[in-house]
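Have a look at the structure below, then the notes.
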Amino acid sequence: MSSDAASTVAATVPPVEAPVAQSTEQSSTALATAGDSSSNGNAPFSNLSLYVGELDASVTEAMLYELFKMVGSVASIRVCRDAITRRSLGYAYVNFHNHNDCVTALQTLNYTEIKGRPCRIMWSQRDPSQRKSGSGNIFIKNLDPSIDNKALHDTFAAFGNVLSCKVALGPQGNSLGYGFVHYETREAADQAIANVNGMLLNDIKVFVGHHVGRAERVERTKGQRAQFTNVYVKNLDTEVDDAALNELFSAYGVITSALVQRDDDSKSRGFGFVNFEDHEAARKAVEELHETEFRGQKLFVSRAQKKIERNEELRTQYEQAKLEKLSKYQGVNLYIKNFDEDIDDDKLRQEFAPYGVITSAKVMHNEKGESRGFGFVCFTAPEEANKAITEMNGRILGSKPLYVALAQRRDQRRQQIEATKRQWQTATAPMNAPVYGAPMYYPPGYAPPRGAYPAPRPVRWQGAQPPVPGQFPMPGQYPVPQYPVPANARPARPRNPRQTGGRGYAARGGRGAGYRANPRTAQQVPTQPQDAPLADAPTSDSEQVAVPDVAKVTAAVLAADSEDDKKQILGEALYPCIAAFDDEKAGKITGMLLEMDNSELLNLLEDTSALEEKVNEAIKVLNEVGPEDAE
């Protein structure tokens, strides 16, 4: 706020103990007092910890450390992040070694710009009861757009110790014209309201009152809406004017105003408002005139609403209908993909009909009417849907194995994909690298106290969940069990030199560098007959390893094998295909892809473009980690 604004407040506000011009000095004393009181009060640790808010999403602990180390010895810094996306929540906590440094930081760094946004610093309160109680919190509206956090703080610090001060900002960083000031005591808030409410700030009359919580505001608003007197009317004939509208509604009570809305050319816009003197007349008019005909038009008559209230009501209705729809189809709607283009709705329904009563079956098409290769089937009971998943997932329909699973919302799938990608990146990170989104940043040379964080618990790698580094096999170290090769097995056809050379598949013992048996699982490998050739033994040109033919690896072929054997066969079939794209990383990539569902792996063997896409994704992950860390 400009100096003119401060002088305006001083001139218009009745005399108080400290003028606005001395607010900075008084604020400094108040800060020190607040810190001392907190050390003896209900928040024993808040005198060493500061809350830093209004931060840009790109602000990190290191940036804050560079700023706060100028005022004192920093113990630790933590930027709070979302548990799933790891994006910054826009606030952080800074811990100092002594109380005086906290006071200095409050006095000198509050409202300092960080990445183009002024930060807001206040004492950290571990007990949220004072914040949630609303005691001492005031609301100010009709603020001039030029008033920012610091100007608002300087204006209201004259009436007491300010714990927090904030001007509400829009998405573009512009002031929304209102703000909040939280005082340490209720008395200071009452004094600010008594002296500033109705006064001028930058030549604009402001409103100052006690802050009312959202729940209480909603209850008050409901009470006011129940006693409405203003009525909204639409679908009016263009010939209806104010007099005709007044005549229509005058039969239900005394009208204070009736107005038909018109455009710039004075033409009726087809709606208007009628305000009654009392609520009962307005309620009766709505009940009796709604959906009645007037001059050939069916009227819509209801309580008049503000635009924001109307949008909120429509949004609530939409969300409620969405939740009802989701709950109705929860556990009964199936997602089916990977079928031929000639499969239509009737064929899809026919294939799933044996498992229960189908309410709908739909194959999705593009703009040209061509099948997109996936669709949905909805049953009447979850038991029927589960049976269909068990029986149909992986079954060959036409020439491809189906993928069948419960349908998910798009946002759920996106979160699942992001979580899987993040786990992959964590799993392939260097062992000595800091964990992304670590809970606390410590300055150089300062070691965290022992026991500050519990040791991570081992998490078993199940399904598509990546392993924890150092505890379970990494991608590219997937433990594939060996299986014995019959003594009378027919030798495979000779392979090309790249696959049989020093860096080829056979030279690696039948597996890539990362696609190898894990020593931990060696005890679980079944004993092979002595007269049978070992799967990993070196072979001569006349005795080649039996490698599955890609064209012959189908769901029907895998049906009789155990789960471990299925992975082994699929790995043997995938490796030469992957080696065609990247021979050096083929072993690691094969191990990574084997974490996918078997039906998806079969699809990759058939669809070269899909396989290439997966290989490129794996190569990208390995390149980000680096060759040494990926080993």
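Every residue, even glycine, has its Cβ placed from backbone N, Cα and C.
A TrEMBL annotation is a machine prediction, not a hand-curated record.
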Have a look at 1-39, 196-234, 235-273 and point to the one annotated region 'Disordered' in TrEMBL.
1-39
Of the listed stretches 48-126, 229-306, 332-409, 550-627, which one has the most C-beta pairs under 8 A with the domain 'RRM' (136-223)?
48-126
Take a look at 48-126, 229-306, 332-409 and tell me which one has the most Cβ pairs under 8 Å to the domain 'PABC' (550-627).
332-409
Can you count helix, strand and coil residues in the domain 'RRM' (229-306) using DSSP?
22 helix, 30 strand, 26 coil
